[in-house]
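What Swiss-Prot says about this protein:
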type: BINDING; residues: 47, 48, 49, 50, 51, 52, 53, 54; note: ATP binding site
type: DOMAIN; residues: 26-488; note: domain 'UvrD-like helicase ATP-binding'
type: DOMAIN; residues: 515-802; note: domain 'UvrD-like helicase C-terminal'
């Protein structure tokens, strides 16, 4: 097909005019059309939340394909695998539709080829592209194509630790061991070992992994801050700050003397006020920095006289108290600023004095880091296992050093497209530059939604292009999508009101002006005053709680407020639970949130990443069991195992056993005492009674058998032996939240199996890996279990990005920002390099013996202070963007929920606004989201803000005021039905009383069971069923049926029945994670989770399962997982025509897709068959019952029914 020319500027303008004048209900905006059709230059699309950026990308791709571009000529990078899958699905539908609509034969054929090539298109994450690239071109760097990815954090940690200790030993024993020893001591802290240094090394390594060339950055930028340090300039800046602070203080005191001070004539503090004014008055234009510093020192000294009371207005007159309080508050603020400046003078002096020593330390650190980076790189090459960042580095290395490879890709790609460009890091940006020909990049993103700085994403990459393209269109085209098609006008107005007053270039990194403001465009949502954004505050005054306490009472007060609103939405407005989302900035309070919701019976599902897997009780018990098997001399682990439900020793029994003597008096341990207790049991019956002796013998025998088994079997087999020997897996399943506990135990076995497949063998190394993960204060992700279908969503703001919910609650608005990075011993900057705290040893000059002769002083280097300021601004900017993402998730209504003392909050005063923004100090002194919202509410009281705050006290949050969750009946989700089992039991008891009466009156009906499964009904009715003249399977002679003369199998190997295979296949289909890409490897891992024997697993053909998902029905299921229901139980009342009795039909539907006006029902069958019609006939009646149950439940008549036949070598999907 010939390439059709792209649209000119004039043609695009005509298209925009035609669209504006069209009668379409939902029109494309002029900017969307511009973004879809503009070509032949670099394009940056700044797409605000809800502006349809995915639609624009898909339309642009479709337009290019329709003009003759091949799908293989497009490089399309998405931020997540899920986003790539969704884009492919959207393109598949659009291309298919275009094929149907066009009459052009050439275009049909061309688009048909693109549709066929779509699965192989370069649409995916950067990581997926680099993996394929290195697999193809890695030979250029001597990298084997069968490399693997170090996705397991624990395996990565083991490798890092091993390499660290190798490099550490080399430096510690090397020529520069004295300077290295100084470096080691600088980070040793209280531990006085290498852990402090190791922590900083790993932190710097993670930072380096986001640079395009780690070694180059280390050599060129790591010491840049030391090289350009200018203390003269810093002193001048500090002097200017001192001048300004002294002038501010002078202005404040003079205003006070001229006004309020007249009310306090002859008050003692006024003399000291005048004294300070005289000191400041001694300064003039000729005064140098020394003079200013001297005045500052005298002023600060006066402010500290009499513990600060020298300048305090101590008036106790009731009518003058507000004036006195206001003066004292401002005075404290002014002198706190002066005190900080006084400290900075001293710090700057120390920084200059120890600059040379700190630089020397930094050079030693640079040398160590360089060796570590190279050693770790080589070690990973030996293992042929890499992190994703390594793959990217090698890809860049090949593209930079092999021009023929780079040019082939630049010629191949007609356009290089990237989604979520605001979250790009420097290594990704370099790769995009190398793949592009310089003028064919299409970048879509929104800097206001850049929230991944902790992953080294740099929003300034986006911002730099935004500014450059805006100022010089020749550099590239800037297109701004402002219209929001997602949210109500109430949500958008509240969001604009907040960020117009909060975000600017100084704090926020962008000016929130008309280029960034959200514009309402969802014409389907009409304005509704009830949807005005609500800023809800739990009033702590009612409970008298302390400001900083984090008690459960306080949190449940806030949660009760939320629960009240949820119940109101659900019960008064009919809002489904799944339409409500609870967003948090972190998961630290999730346990208490979940507890509060469960107390009121509100179903909830989390984002599945609690990261507290190793803290779960059942996993801790198993880890202690493994520790004891490895080394029984560990007392803590041994006691934990003995007290666990597996053996159940109580305190009395353990005390009796611990009173035994040990062989080793110096290092006595419990295990030796147990051995001795076993030997001496017969002679110490008073201490070791018979029952205890038998219990101890059983424990020691089982432990010995496990230890022996561990020597000859895999970890996976050992763990399952423990589960089976002591029925531990079954035991935890009977506990509250049993399925989740069992899933955790499953995961432990699987993780042990993965560990041993990663070139690490043995129980010892597995335990050491777990201990290292715990020591590093990391954890493994918790295992997700099937969530309820209709449930409130609880997730972090990061996880909510890209999602939307009708009603959004932003919780914990009062939770303080995480500032751990700014308290670290090391702060890095891409521009300045290393900032470090130097530990200086100083002579005290003390003569007396009881005074220390030397002290250690922690001195932040000049670069550290500069990096700290840069980090503070970047952190506050990111927090603003995080709040923006959270607020723009809401479609209809937004709730911002916090807590605080009403009295304290309402008494707070703030500086006046400047240029329509909060004062920069107000913004930078905020500790949390709530501080910003409250300050806006107070400073802009005259503005008609589109959100309102409201305090809610304890009197409004009693159990009666909140209410209860009303129970409802029609076809409930099984998770909610479980909450009402007590009602079912009561009904059952009432029915049992009448059993005898029913038996007497309805004897004829007794032959028909009252509760049946569809298969039972089929068997019961087979003699009389008439399925439109079709013969019932199993009746009469089967035509053409082959007769088998095979000898019976008398072998001793395990027999596998068809029922076992069928049951295992059904469980496998239920467990498959459809959100991930399906591969043979992923199915193999899922199969391991199926509760069956290995013999049955061996009989399941995974290729056939994989083939099913390539069928039309399989693809429809993958594309519509939001509509998918699997393994759904149902019950239905039917009447037997012979006895005229009602009976209940119960069963489990394999799965169905629920659409608005249609249901697609499917059922898996593993029966053997000759012709599909045999199984269609056999199961037609069963599917008819399923159809009837669904039709009754959802009032939908249009139901398609499919049998998925897995009984032959090839899968068949048959419509019934």
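A Cβ is built for glycine as well, from the same backbone N, Cα and C atoms used for every other residue.
Taking the features listed in Swiss-Prot, we show where each one sits on the structure.
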residue: 47; record: ATP binding site; contacts (Cβ under 8 Å, 6+ apart): 53, 56, 444, 445, 446, 481
residue: 48; record: ATP binding site; contacts (Cβ under 8 Å, 6+ apart): 446, 448, 480, 481, 482, 483, 484, 516, 518
residue: 49; record: ATP binding site; contacts (Cβ under 8 Å, 6+ apart): 446, 448, 449, 484, 486, 487, 518, 884, 885, 888
residue: 50; record: ATP binding site; contacts (Cβ under 8 Å, 6+ apart): 484, 485, 486, 487, 518, 804, 888
residue: 51; record: ATP binding site; contacts (Cβ under 8 Å, 6+ apart): 481, 482, 483, 484, 485
residue: 52; record: ATP binding site; contacts (Cβ under 8 Å, 6+ apart): 32, 481, 483, 485
residue: 54; record: ATP binding site; contacts (Cβ under 8 Å, 6+ apart): 86, 87, 90, 419
Mapped DSSP class for residue 51 (ATP binding site), helix or strand or coil: coil
Extra residues within 8 Å (Cβ to Cβ centroid of 47, 48, 49, 50, 51, 52, 53, 54), ATP: 446, 481, 484, 485, 486
Per-region confidence, the domain 'UvrD-like helicase ATP-binding' (26-488) (mean pLDDT, whole number): 90
Number of other Cβ atoms within 10 Å of the Cβ of residue 53 (ATP binding site) across all protein chains: 21
